[in-house]
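The structure appears right after this line, and notes come after that.
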Amino acid sequence: MGSCSRLIFAAFSLCLAVIATAEDPYLFFEWNVTYGPISPLGTEQQGILINGEFPGPEINCTSNNNIVVNVFNNLDEPFLLTWAGIQHRKNSWQDGTPGTMCPIPSGQNYTYKFQAKDQIGTYIYFPTTSLQRASGGMGMLKVHSRELIPVPFDKPTAEVAVLLGDWYNKEHKTLQRILDSGRSIGKPDGIQINGMSGRVGDPGEPLINMVPDKTYRLRVCNVGMRLSVNFRFQGHTMKLVEMEGSHTVQNTYESMDIHVGQCMSVLVTANQAPKDYYFVASSRFSKHTLTSVAAVRYSTGNGFASPDLPPPPPENNAAVPWSISQFRSFKWNLTASAARPNPQGSYHYGKINITRTIRLANSRHVVDRKLRYAINGVSHVDPETPLKLAEYYGMADRVFKYDLVKDEPPKDANVVVAPSVKNGTFRNFVEIIFENEENSVQTWHLDGYSFFAVGIEQGKWSPEKRSNYNLEDAVSRHTVQVYPNSWAAVMLTLDNAGMWNLRSDMRERAYLGQQLYFSIVSPEHSLRDEYNLPPTQVLCGIVMEVVLHLIEPHQRGEGEEGLGKLAGEEIVLQVEIAEGGEEVGREGAGEGVVAEAESLQIGHVGEGFGGELAGEDHSGEVELDDGGAVGGAVDAGPGAWGGAREVPQEDAAAHGGAEGEDGDAVGGDVRRGGGEEEHHGQDDVADAHWALIGPPIGELAIEIAVKKYVRRLNVGVDDVRGAGIVEVGDGGGELERDGGVAELIFRVAEELHDVWVADVEQDLELHQWSCCYKGRCRDLN
C-alpha cells in the first residue's frame, strides 16, 4: 500500500503542478491546538492555545515562500484557520473559511499548504469556526521582502509583533450560546496587548526593550471582536511604513487608529531620555473607553514611566472627522518596490474603466425573535457542505442559490436567511461601495484580494462622489472601515479565480450573517487560472454522502459486456468483467486479466462491511472462478469505507481468505484454518458495492481523495483513464484508445466536473498531461 500511495502522490503532485515552483523554499510547521488557561484581563479562563502559546506562534517567511502547516485539532470541536490577507492565488481551497473548506474534526489533523505569492507585509491568522477567535487560536504572519528587492527604509534593530484588541472574560462557547439564543454578546470587558492587560503603575512585562538611538519596527494588528482601537507611544512619535502588504508614504503620527482586522507597521526610534515609557491602547467610538498599557523599557534606563498618559484622539462629534482625516493621509508609496522589483506605482488603477458597481449595505434585524445581521437584505448562514465543494462537484443547486444579494440595497426591509454567494466576472474591474446607516463603525475584509481604498466620506454615496476618489495613490489593502452613517469605496480587478469570503471583521456580525462569498470562475476552466481540489482535502456534507452512496442500487451487467457492473447516480464508478481470457467490449476483460492484476478490492455495503483482497505480497490465495490467483490479505470493518482493520498476513493465510468483523463473511464464505482457499465467482463481484482492479506495481497510479480514504485508479502503460472509472487492465498491455474510451471519460467528466487524463511512456516518464473539465480538455504542457 505504501509504494502505491507514493506513486499516487507523485502523480497527482505533477498533475497539479504543485502550486509553487521548485526553486521557492518550503517552510514546515507542526501545530497542536489545545485548550489551556489564559488570563488576558487578569481573570483566568479557558483559551485556545497553539503549541501551548497565546498568542500563537509567529510565521516568519519571505515573499514566494511555500508554507506548510500541519494542524492537529485536539479540541472537542471542529477547528479551522484562515490566513487573513494572504491571497492564495488560484487556491481558495486553503483559505480556511467554512465556505471553502470542511473544518478539521476533533482528534484529527489537516495540512495547509499555501504560498505567499508576490506578497509582503503583516497579516494574521485566526479561527473561523464558531466564535473561537474570542478564545485565542490567533497569531501573526510576517512576509518579508526578498533580499534583492529594496525596502524603502533602513533595516530596524528589531521587530516586535503587537496583537491587540478588545477581549471578553467569557469563553467562546458561552458567547456562542448567547448569540444562538438571539441576544448580542454586548460590550467587551477590556483591551489586551499580546495576551496581557497592564495598568498604570503595573504594566507587566515590557512590550519592548530598546537601546538608545536605535529604531524598531512594530507590526501592530487589531485582533479584537468588536472595537476600533487607538494606539500611541508615550513621549515618542511613530512613522507609518507599511499597511496590509503595501509600503506607504512615511508620514509621522502621534497616535494611530486601527480597526478590527487591520494591520500596519510603524517605526519608533529610541530618542528620548532613557527610562520607562508606556505603550497605550484604548478603544474608539465606544460609550465607555477601555484602556490598557504595556511597558517600553530603555536598556540603560533607571526611571519609571510617568503616570500621565498621552491623550487619545477626540471623541463624540469630532471622532469621525478626525479618523477620516487620518485615513486620507495614508498614501501608497509609488516609488517603492513591494514583492516585485517594479515600483508599486507602475500599476495605474485609476485609469481602468469600471465594468460593474456593487453597492452593499449592512443592516440589523430580528428574525424569529433572534438577532441577525445582513447585507442587502440577505443574512448568510454556513451550510453543512462548503460552498466551494458544492460548486466544484456540480451540486451548487442543492446547497445555495447564486445572487440572492443584488448589486444595490433593496428598498424594503425584508431579510432572507440563507447561504449567500454572489457571482463575479473573471478579470472584471469592479467598484464596491460599502454603505453604513448604522451607528457603529464597520470593518470589511475580502479574502483572496487586495483592493484600492479610494474614498471614505460621511453621508450617502452617489455617482457624483467619484470626483472625490483618490485615483493616484490609494493604499492597496484587504480591509476598509466604514464610519457610522458613512460610505467607503474600493476598486479591484477580479483576477483570482475561486470562492472568496467578503465579511464583517466583527465576529458577532459575521457569525450572525454579515458576510457573503464571491464566486469567481475562469471561463477557460484551466489550471492556469485555478487549481483543482487538493488530493488531501477533507470532504463533508452532501459531497461525502454521495461518495458513501456511490452505487445505488446494485446493478448487475448482463450479456457480452460482462457479468459485473456497478453504477451510481451522482458519480459513475464501474467495473465490468467478461467471460473468457479475451477482451470483450470497450471496457471488458477476461478472467485471466483479473488473475494478472496486482490487486483486486471488493467491498459490500449492504451488510455494512468493507473487504479487500490484496496483492501477491500477501499469503493465502483467492481465486476468481476459473481465473488465476490474485492474492489474499483482508481489510474489514464497520461501514463501507471507514473503520477498517487489517488482518495480519499470517492470519490471512490461516483463514485462507476474507473475514468480516464478528465472523460475518465478506463477499463469500469464510473457511478457517489451513490456508484454505476462498472462492469469489463473478456473481460475487457483481453483488459487491465497489471493486477496484489494477495492473502490476510499476505503472502510474492516480488518487482521488474520499475524505481520509481513497478509491485507487491504476493506469496501465499507454492506457487512458478518467476519474471515477475503473477498468480491468490486461497486466500492462495496451488497450485500444477508441471512441468508446473517450466517451467514457467525458461521461464521467459531466458527473464529476473534473477528470485527469494521462499518457505514459514505456519508461514511465510523463509524456503529456491534460485536464478535462465538463468534457473539454486543455493541454497542461
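Yeah, the Cβs are placed from backbone N, Cα and C, and that goes for glycine too.
Predicted automatically and left uncurated, TrEMBL annotations should be read as such.
The annotation signal peptide is assigned in TrEMBL to 1-22.
The helix, strand and coil residue counts that DSSP assigns across the domain 'Plastocyanin-like' (33-147) are 7 helix, 52 strand, 56 coil. Annotation comment: TrEMBL describes 33-147 (among others) as domain 'Plastocyanin-like'.
Within the model, the domain 'Plastocyanin-like' (160-299) shows a mean pLDDT value of 97, rounded to a whole number. Residues or ranges marked as domain 'Plastocyanin-like' by TrEMBL: 160-299 (among others).
Under the heading domain 'Plastocyanin-like', TrEMBL lists 385-523 (among others).
What TrEMBL records for 637-685 is region 'Disordered'.
If you look up TrEMBL, you'll see 669-685 marked as compositional bias 'Basic and acidic residues'.
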Secondary structure content, the domain 'Plastocyanin-like' (160-299) (per DSSP, counts of residues):
9 helix, 73 strand, 58 coil
Residues of the domain 'Plastocyanin-like' (385-523) by DSSP state, where helix covers H, G and I:
20 helix, 59 strand, 60 coil
